[in-house]
Amino acid sequence: MAVEKKFVQEGFTKALVDEYLAKELDRAGYGGMVMNRTPMGTQITVYAEKPGMVIGKGGKLIRKLTRDLERRFRLDNPQIDVQDVGKSDLNARVVANRLASSLEHGWYFRKAGQSMLRRVMDSGALGCEIVISGKLTGPRSRVEKFLAGYIKHSGKPAEEIVDTGYAVAVKKLGAIGCQVRIVPPGAVLPDDFQINAPPKEPEKEPVVEEAVLEAEPSQAAETQEQQAGEKKSELDRLLDEPVETPPTTEEGQSPQEPESRTEMSEAETHGDIQDR
């Protein structure tokens, strides 16, 4: 078999297995499956809202599914692993099945669509689109869309980011298709950008030596000014002090003058005696 035909056959088998599991696990809240081929066989991971209903009592239902997959689709040693879908309101397959079930139970399509859209957005989805098509209220078919948030419709982001689910509601007037597309929270979109604050520079510790050197000239100037002020104050104090004058007698002579004259006369007398 050519390589191209082999890939086509594998894709066709995968689609048939997905359709079979969706039909068998409708009541368990089927949320999709992932099939991988390994050297030990075919590994199938089933996501469901109620994993206990997939396994069954004592593993009875999961063994039945394993036998049917091996016999009907000729899978090599199929091994089924059941996982919980997590937040069911963010799984497009689960939301589409709920919407189809609501329409089958008689809900008005606008009420059902708006209710599901609000639940999905309240769960934290970045965007959601619900498309309901078929005979909604009259004999003619029409399409109604309910949109909220951000949705990619084309390109690689639409294939990798957007989760798509489809379900059919069967009513008396005919079949109604329900398509749900959800952008989960945390999805990285190609046109997203983020502004980050610049990194903070580490605070530098002040250098003590420079501060000391800068402080020395100012201290020297203050010392000189203080010394000059002290000298000036001493000079002013000396100038302001009054000059003391000796007391005078009635004749206008100081009391020491007579003593000095007496000493002079005694010296003259002594000199005359020596001359003789």
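Just so it is clear, glycine is given a Cβ too, placed from its N, Cα and C backbone atoms.
Copied over from Swiss-Prot:
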type	residues	note
COMPBIAS	214-227	compositional bias 'Low complexity'
COMPBIAS	228-240	compositional bias 'Basic and acidic residues'
COMPBIAS	258-276	compositional bias 'Basic and acidic residues'
DOMAIN	17-86	domain 'KH type-2'
REGION	193-276	region 'Disordered'
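Confidence across the domain 'KH type-2' (17-86), taken as the mean pLDDT and rounded to a whole number, stands at 89. For the domain 'KH type-2' (17-86), the DSSP-based tally of helix, strand and coil residues reads 29 helix, 24 strand, 17 coil.
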